[in-house]
């Protein structure tokens, strides 16, 4: 220190480099610290522990559901349609060629194998989330009152602005007369 | 607020001098709202800034009072609103004033925006002033949407569902944004909690941007129906009493419309479905937003593709921000643009038609007309505005603002029309003129 203070130029340089260092170090600390401080605010807006706990799998008894009936259930606050297809609907849906579909999905991908009569799909239109009305429209399925989308008996979009089919939630058949929504392949949904 | 307008206030009392030398607040107000030079040819379309300020105040005051009785939870919100209506003293007045105040706020802002578009108020040097206005409009839309969800009726719930699903269409980050807004797997209790918090926050942000908006206005000076700048002190009158009284009169007149809705038709602009408690398993037969969003809703529904519809709907608002650079005309006021004038009114009719279509069911002819109107809406900005400025021959502009009031060739007050009481020799003093005028 004694040496450098002897020449003003050298002292200036050293001062400059010290300031640069302090400036960069402070700036880095502020940036990293700011990101750390912001994270709790963002994270607190994500689904909380109680909400996640309330999203556990849901058992639905199929025995009281009759042919052609659509039953509404809620899982994780989301509406789910459980529909028992009639034999005619199964035949009709199987006969539709994939080329007629805007989001092609074969019949087998819409139901669980061995349970052709049972359809389980989310009940909110994939356009903007309205609830389509059952047994309406031209395709034996649903018609959305908001923006005119129509779905067939296995929830495939056939008309209107909905971009994709009604999604199939994770579920398994616990027995022939009971489905467990929110669990698939022995694992609970994330 | 700019330097030239603050230099004249001379505090008289000792207390005023003491305060002014420490914080020149009184001088700022004096320069901005008393001595400020106002073009003398302003018509009543220039009073809507004051009307909007009044409604921002009304919304904040009624909103703060409503929040003393409202409960922001999915289980209690609907009943607490009915509690406000039935049990709280004057609760009905606070709520009806707040709900209809939002509609009046938008009615006034649409007049304000169309005035800016007609008279070219967005053109240089007022681009920043105009952009701040677009930001205020966006904040107003967000605030109005959040507020509409709070009663937790059917329209509230399904409006929240539809709009949050719109945001989910944004590529890559859409799902994360949706989850952060919901605070769960769907619209529910965490959603209404945070929407209430944000609905309380945004008006203060609007107030902040309004301060910037007024600041920018007082730097560039007001535009006027002739679209030409103030050139001499004879072109202007002092803000007080002229603009103050005119603004106050127009505001009171506008309040008559407001009062008519509040006291005689409080639910006319709302939807009966919102008096049905939120139900996640049934969507109302015809889900429509409040009237002030209908044109954009029509654009959303005109596009048969989800992401495309969302892009065009937001684009319809955002494109307003590009008007200063899309308009190639050297003339500001449409009064002197014979060709553009026709296109302007077609645009107004088209916008109103879109609003009407937004309230109709999404089927058949409505969709086709909606598509035509959507295309025209964008064509106005992207084709008419640039091309009209290049090919149109504008009418001759008046020599001065004074001339538009007194008639051509009249530069003094002998031949004045309309009984202007201002003696030109006692008019705006030179110190009060905008810098540009002083230099010339």
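Including glycine, each Cβ sits where the backbone N, Cα and C put it.
Curation plays no part in TrEMBL annotations; they are all automatic predictions.
Listed ranges B:7-31, B:157-181; the one TrEMBL annotates as transmembrane segment is B:157-181. Highlighted: of the candidate stretches B:44-68, B:157-181, B:338-359, B:157-181 has the greatest count of Cβ pairs under 8 Å to the transmembrane segment (B:128-150). When each of the listed stretches B:44-68, B:104-122, B:157-181, B:201-221, B:307-326 is scored by C-beta pairs under 8 angstroms to the transmembrane segment (B:365-391), B:307-326 comes out highest. Note on the domain 'Cytochrome b/b6 C-terminal region profile' (B:229-399): mean pLDDT across this stretch is 94. Ranked by the number of CB pairs under 8 Å to the transmembrane segment (B:157-181), the listed stretches B:44-68, B:104-122, B:201-221, B:242-263, B:307-326 are led by B:307-326. Of the recorded residues, residue B:112 (heme b b566 binding site) and residue B:98 (heme b b562 binding site) place their C-alpha atoms 21 Å from one another. DSSP classifies residue B:98 (heme b b562 binding site) as helix under the three-state reduction. If you measure from the Cα atom of residue B:213 (heme b b566 binding site) to that of residue B:199 (heme b b562 binding site), you get 21 Å. Counting every protein chain shown, the Cβ of residue B:98 (heme b b562 binding site) has 20 other Cβ atoms within 10 Å.
All chains included, 22 other C-beta atoms sit within 10 angstroms of the C-beta of residue B:213 (heme b b566 binding site).
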